[in-house]
Amino acid sequence: MKLVFYAALLTAVLAKELQLATECDPEACKLPDCRCSSTSIPGGLEPRNTPQFVTLTFDDGVNVINVETYREVLYNRVNSNNCPVRATFYVSHEYTNYQLVNELYNRGHEIALHSISHRTPPSFWAAATYDEIKEEIADQKVQIAHFANIPFEEVKGVRLPFLQMNGNTSFQVMSDFGLTYDCTWPASAQTQRGLWPYTLDYASTQDCTIPPCPTASLPGSWVVPMIAWTDPNGFPCVMVDACTSFPDREDPDAWFRFIVTNFERHYLANRAPFGFFVHEWYISAYPAVKTALVSSSDVVEWVRNPIPIAEYRSRSCKTFRQTACPASSCGPLVAEHNQLSYWLQLCNRCPAKYPWVGNPFGLN
């Protein structure tokens with residue numbers, strides 16, 4: 001019955017005509033549902049009264065190898081208010097162990113979308129049609145909720161592969177299929193005073209380094225800008241593991257200065273969220289300093305209803321509905337797209353075929 005509901009949902013929405021976005025009017029665009037692209041602190045707060053959010057995000061599949069890093073870095077750690085730290089996992093389908101996705105969710109971490117195929121080349125994502133993005137992203141939302149047995153409504157965020165923007169289309173799919181925010185868009189120009197998350201009701205002022213970027217009015221679609229770091233040679237890098245230069249691996253003081261210098265650019269200015277955007281291998285090779293961490297969706301929730309840091313720290317910790325994992329080990333399943341054999345570790349019944357683009361549940 002659940003699969004029938006999901007299938008009906010995926011066929012119920014059609015692409016709509018879009019209007020060109022105009023310059024943002026702060027008097028018309030107000031929280032909680034609209035925000036102009038801006039470096040101003042939400043709610044008119046002073047920096048000293050604003051929480052400094054730090055978001056640690058990981059891309060790609062979750063498996064028995066990289067989960068060991070996640071357990072070591074994230075489990076049994078709390079922020080200064082004694083609430084558990086939260087990271088965001090932008091998960092791609094291939095080679096993902098959905099039992100481990102369920103484990104991460106039950107530990108309070110955010111599960112978000114990174115496509116089913118993660119196909120190459122990046123130019124595919126730049127030109128992908130509405131239907132292609134729907135099959136990769138909207139279908140993945142129901143796929144990951146089903147196979148990891150996590151609440152459908154808790155899957156809120158998207159990051160497209162290779163940070164390749166898709167213009168208006170991906171945001172239209174995101175809006176049509178109940179996704180709240182996108183965290184794909186690099187921000188390399190606005191780094192001294194970073195952009196806070198904003199909506200696409202009106203035209204964005206964010207620089208477009210990996211076009212095409214959205215130009216339409218897409219009410220209620222949130223952008224979480226990926227504010228670039230600056231490497232030791234002064235060059236911007238969005239994914240920290242893609243910086244062209246690094247401190248010496250054996251010099252912990254240099255690494256500490258590298259991280260703190262980038263952090264202070266946020267903390268000593270307008271306290272825009274400080275993003276630590278990486279793949280798992282980087283953390284396992286270069287362990288991070290201890291810091292307070294929240295998820296990307298936590299940041300969006302605060303921006304929609306900003307409160308001073310004293311009030312924020314006094315709030316009760318979030319609670320999450322725990323979900324069971326009726327474990328199944330499935331395979332080998334031969335994939336039709338490449339003829340490779342896969343094993344799947346799921347929190348649901350085994351599919352008849354290897355799930356893939358166009359057949360996210362692996363139905364006959």
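Each residue, glycine too, has its Cβ placed from N, Cα and C.
Because the structure is a prediction, the values reported are computed rather than measured.
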- According to Swiss-Prot, the disulfide-paired cysteine of Cys347 among Cys317, Cys325, Cys330: Cys325
- Taking Asp60, Asp131, Asp139 as the options, which does Swiss-Prot list with His114, His118 at the Zn(2+) site? Asp60
- According to Swiss-Prot, the disulfide-paired cysteine of Cys34 among Cys24, Cys29: Cys29
- Could you identify, going by Swiss-Prot, the member of Cys36, Cys83 that forms a disulphide bond with Cys24? Cys36
- Query: According to Swiss-Prot, which residue among Cys317, Cys330, Cys350 is joined to Cys83 by a disulfide bond?
  - Reply: Cys317
- Message: Return the count of C-beta atoms lying within 10 angstroms of the C-beta of Cys347 (disulfide bond), excluding that atom itself.
- Response: 22
- Item | Env. residues of Zn(2+) site, Cβ within 8 Å of mean position of Asp60, His114, His118 Cβ | Asp59, Gly61, Tyr90, Val91, Ser92, His93, Glu94, Ser115, Pro161
- Across the domain 'NodB homology' (52-292), what is the average pLDDT of the model, as a whole number? 92
- Query: For Cys208 (disulfide bond) and Cys317 (disulfide bond), what Cα-Cα distance in Å is obtained after rounding to a whole number?
  - Reply: 37
- Note on the structure: Neighbouring CB atoms within 10 angstroms of the CB of Cys325 (disulfide bond), all protein chains considered, total 20
